[in-house]
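What TrEMBL annotates here:
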type	residues	note
DOMAIN	1-58	domain 'Fibronectin type-III'
DOMAIN	64-159	domain 'Fibronectin type-III'
DOMAIN	163-252	domain 'Ig-like'
DOMAIN	259-353	domain 'Fibronectin type-III'
DOMAIN	359-454	domain 'Fibronectin type-III'
DOMAIN	460-557	domain 'Fibronectin type-III'
DOMAIN	561-646	domain 'Ig-like'
DOMAIN	657-751	domain 'Fibronectin type-III'
DOMAIN	757-817	domain 'Fibronectin type-III'
REGION	455-480	region 'Disordered'
Amino acid sequence: RESDHRAWTPVTYTVTRQNATIQGLIQGKAYFFRIAAENIIGMGPFTETTKEILIREPITVPDRPEDLEVKAVTKNSVTLTWNPPKYNGGSDITMYVLESRLIGKDKFHKVTKEKMLDRKFTVEGLKEGDTYEYRVSACNIVGQGKPSFCTKPITCKDEIAPPTLDLDFRDKLIVRVGEAFSLTGRYSGKPAPKVTWLKDDIVLKEDDRIKIKTTPTTLCLGILKSVREDTGRYCVTVENSTGSRKGFCQVNVVDRPSPPVGPVVFDEVFKDHMVVSWKPPLDDGGSEITNYIIEKKDTHKDLWMPVTSATVKTTCKIPKLLEGREYQIRIYAENLYGISDPLISDEMKAKDRFRVPDAPEQPIVKDVTKDSAVVVWNKPYDGGKPITNYIVEKKETMATRWVKATKDPIFPGTKFKVPDLLEGCQYEFRVSAENEIGVGDPSPPSKPIFARDPIAKPSPPVNPEAVDKTKNSVDLSWQPPRHDGNGKIIGYLIEYQKVGDEEWKQANLTADSCPETNYKVTGLTEGLTYKFRVKAVNAAGESDPAHVPDPVEVKDRLEPPELILDANMAREQHVKAGDTLRLSAVIKGVPFPKVTWKKEDREVSPKADIEVTGVGSKLEIRNTVHEDGGIYSLTVENPAGSKTVSVKVVVLDKPGPPRNLNVSDVRSDSCYLTWMEPEDDGGSVITNYVVERKDVASAQWVAISSSSKKRSHMAKYLMEGTQYLFRVAAENQYGRGPYVETLKPIKAIDPLHPPGPPKNLHHVDVDKTEVSLVWNRPDRDGGAEITGYLVEYQEDGADEWTKFQTVPMLDCVVTGL
């Protein structure tokens, strides 16, 4: 019967054995069974099963586990994983048993702990370098099943794996300004790699906008509220000890452009239209400018009118203007992401603005012969009116006057063959353009050319020879080539060869570094023998070489110094102050002597320029002053001896100020000036003195003598009572020296003296206590008006006079007697 039913169901057949197979049961249901024995008498009692029996497949041990894999190996551990058996034997897996065997041993040893159901296990505490193999078995209630297949032998050592990088972004990314963007990916590697983010080769660091997140397997760079400056090449580097991987992304943060760059240039202005131009925006917003929008506005109105919104050029014609009105132009730049702020022009009046053509650029001269040359130029701006003629002019370089090359018109071609040149003369050419307004400015002159036929290479130099030598140099000399190939000799190339060598070396790299017919070859080795050769060079190329006949042994030749004085090294040298003093001499001697300049046995002034060349020496002092005078000496010295010469230099200058200016004998109309000669006469005789005076109330000095050779002067014609200043300067042939001035003003008045005695004093009346006196004026008033008369009286026989009073008139009554 079924365990949940009470009714028993007979099995369909009778058995005689002590076992039976019951068919037709339903899997998963539980049943009770009973059995009774039967004989011919009848059936005995039933015997029941003690507990219900669940119908299911028979239980066995599990199959072997599958896919045993090694996931990680270090020097002291191994990590393994596996999958369950395909069949668990009819009963749940209760645990797994992992076993290991050291290679070389026979037995497997259990390594897992009791009741382990995880399918991952790390075996630790292993010895570095040992090799093991592993197997795993599954257990259920029946028991332990077959072990899995063994792993391959595993040696304990640190596992390394180069980095891998799997990116979620493409090579290029476009982002609008203000939006956020992120760059993500996955990576791996052993040991765990280091992740670095860079932008344009600069390491990125986190801040308010930049976020970097890295897990053991993923990486992410996020940027919030992007700005134009975030544009760049981003790079992520994943690196460990085994190597590195890089990923790149060019991020372009785009925005509307910045405004076009001004100012707006009015290239052409006419009464009904204008042509304007401008420069592109400094920042195109990261996207190509697709369009410029141009608008115009009459300054008397507030309305902006469209001109065009479909041009990518940075120039535009503004049509339909009213003559005499003033206009402003407004320009926007546009890209895929928007329209910029505008650029607004200055005001411009619409009116015709024609002018003569511009000057052409510097013309080019080609195909020169001895009597002609072809001048080529570019067409200039025509000033608003078409060009009708070109004027070509020629001029000899040293001349000042330009001459027309032809009277015939030259148009429309921009080249002209100029005829009638003089062979050997040097010419310049210039071009002017003409329209109906007039003739424009001429172009800059062309580069000068010589009228001569094309040139060939020159013949070799003549008679090269070694004329001098030292321990490391040889001086060569030669004559110019017999034929210069119709071209000026630019210079010479000198080559030398050590005897025994095959290679010729260059002593100078360019011909123009040796324009003369001599050259010092330096840097040679003492005691060796050299060969030398010389080539001439013109514009067509190098001549064949001319050889110095005999090899030269390089060694010093001793010659004592020799000085050949120039005219400016005579015994005495006079130079005017402010001019340049030049002292020079030719110097000879082998080896070239050491040169020393001195003044009064001391170093010369730092303002002196001293130049020493291979043939002489020069001392130069610009803007000389009186103190630059003195005895200058030049000494030359080499191992063979020395030589010294001296010259007295006198710097001629204006004299110094006169000394001790004194004013004496002052009168109402004159005074007497005296002074002493200057301490410094400037190196030249005092020719005269200049005397000037000035009324203190005036700003102007007045000359009262300019030719006096004496050191005194009577200043006449003064105005009585006026205060004067006086000054004196000395002159010689080199000019007038500084003035010396009186220290304080001099007043023009006669010197004052006491007046003479009154005359004819007598009494005219007498009383008992008073006397009336009268008298006459004195003969002289002492140089000033008489202000009064002092009356005194004396008692007869007394010694003292008693003052009575001072009276203004010629009479007085003395009272109180």
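Each residue, glycine too, has its Cβ placed from N, Cα and C.
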Take the domain 'Fibronectin type-III' (359-454) and average the pLDDT across it for me. 91
Could you give the residue numbers and ranges of same-chain residues that sit at least 6 residues beyond the region 'Disordered' (455-480) on either side and whose C-beta is under 8 angstroms from one of its C-beta atoms? 486-487, 489, 492, 494, 496, 517-526, 530, 532-549, 552, 554-557, 590-591
Against the domain 'Ig-like' (561-646), which of these stretches has the most C-beta pairs under 8 Å: 1-58, 64-159, 359-454, 657-751? 657-751
Could you break down the residues of the domain 'Ig-like' (163-252) into DSSP helix, strand and coil, giving a count for each? 3 helix, 58 strand, 29 coil
